[in-house]
Amino acid sequence: MESLNETSADRFILLGLTNTPYLQELCVFVFLIMYLVTIAGNLFFIIVVGTSVQLQTPMYFFLCNLSVIDIGFSSTIVPTLLINSVARDKSISLLGCGVQMFFHLALGSTECFILSVMAYDRYAAICQPLHYYKVMSKTVCICLASGSWTVSLINSAIHVVFTFQLPFCRSNHINHFFCEMPPFFYISCRDTWFNEVAMYISASIIGLCSFFLTLISYVSIVLTILKICSTKERMKAFSTCGSHLTVVSLYYGTLTFMYFHPRSDCFPETAKTTSLIYTVVTPMLNPLIYSIRNEEVQNS
């Protein structure tokens, strides 16, 4: 009987954010504006850094990586969300779903790594200023960035393969606005214990290790700053970390809720809202945060 109910669905129906017509129109308008702001803001930031001699430093190299991630993140999710909000056919192919999940996971993991590397960069700049350009040499920066991308791509590929090896028999309707792993576990007719454990282990290794590296870096930074006698210099040192701390708090807060709560506690509507923050809102805010709070970028 179970074998008769199993299906190798080649298309999935994304239920989206809402079925209310006027709310769908509002969503299209709001998310289109947010998407355009995200693309324009991040492209503008990359152009400013690329054309300014004074911004050719390790910190801005990693910020450009972050902007590339934000453009990819938003472009992976928002166009599908906009199309599904206005189209009658809300289906997505198995291949399209797999590609979307792959890039979403890869870009999300890379952002975790890059944020932790940026914290280490701030540690080197504040705690080891005399050796900064030796510790964060061009070769080291390239290795850290390329390593972050490589590990993330491999990790993402593994999870996508595991997820789409599951048989889906309960439904081909995904109560989400894009293809993310947790909603797929609910429609599988096989025990997804292995997939969930793999997801938690991966999230722990990547997310928690990145978070603790960031935390350790900032503990060292704070201890160093507190030793500075001049209040003005102390505030200046704190200000260089403010933007990064804002982005880290917003990103890790939403990501932790999405991937570390028990499956039984998952409320679809809450999960959708959480996903919106780190896939749509955060990529839009990042270039604004780093531009508004950064005098060097404003001058450039």
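Cβ atoms here come from the backbone N, Cα and C positions, even for glycine.
Summarising the annotation, TrEMBL assigns transmembrane segment to 22-48, 60-82, 102-120, 140-162, 200-226, 238-260. Sequence annotations record features per position, and here TrEMBL assigns domain 'G-protein coupled receptors family 1 profile' to 41-290.
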Determine the mean pLDDT over the domain 'G-protein coupled receptors family 1 profile' (41-290), rounding to the nearest whole number.
85
Can you tell me which of 22-48, 60-82, 140-162, 200-226 gets the most C-beta pairs within less than 8 Å of the transmembrane segment (102-120)?
140-162
